[in-house]
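K.L.:
Below: one structure in structure tokens.
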Amino acid sequence: MEDCLFCKIIKGEIPCDKVYEDDKVLSFKDINPEAPVHVLTVPKKHISSTNDLKAEDEELVGYIYTVMVKIAKQLGISEKGYRIISNCGEDAGQTVSHIHFHLLGGGKLD
Ligand code: 5GP
Ligand code: ZN
């Protein structure tokens, strides 16, 4: 989608610090990390938020979780623990309208 920041990152129009990529998802470091490890994972398909998920996306969301768990293992934070969150809407503080999942870890989280 035009004018979507994460779609532009996916297309390579805006650079990112890539952690993982395949045909379905892209994972990259958050530009403003809130934990020692802060990685965002986004589907390449534009979906605005969890409110816009459709039945056909069930497999994709499960896939994103398994990718994030693999990243947590690779980055060495899976033993001590981590958090996966997705903010939806204004009250949750969603600032980018392309569904994304935060992987936070590498230290004690608030
Ligand atoms: P939200 O607040 O919508 O849940 O999360 C959006 C996240 O995107 C924020 O943690 C913010 O730091 C991150 N972010 C915003 N713009 C960019 C960018 O241009 N590059 C990267 N890597 N992260 C970004
Ligand atoms: Zn998008």
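Sequential numbering from 1, following the chain as shown.
In case you wondered, yes, glycine gets a Cβ from its N, Cα and C as well.
Please treat TrEMBL annotations as automatic predictions, because they have not gone through curation.
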K.L.:
Please find, within the list 83-87, 88-92, 98-102, the residue stretch that TrEMBL describes as motif 'Histidine triad motif'.
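P.N.:
From TrEMBL, the annotated motif 'Histidine triad motif' range turns out to be 98-102.
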K.L.:
According to DSSP, how is the motif 'Histidine triad motif' (98-102) divided among helix, strand and coil residues?
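P.N.:
Per-class counts: 0 helix, 2 strand, 3 coil.
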K.L.:
Neighbour count, 10 Å Cβ-Cβ cut-off, for His100 (active site, tele-AMP-histidine intermediate): what number do you get?
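P.N.:
The answer is 24.
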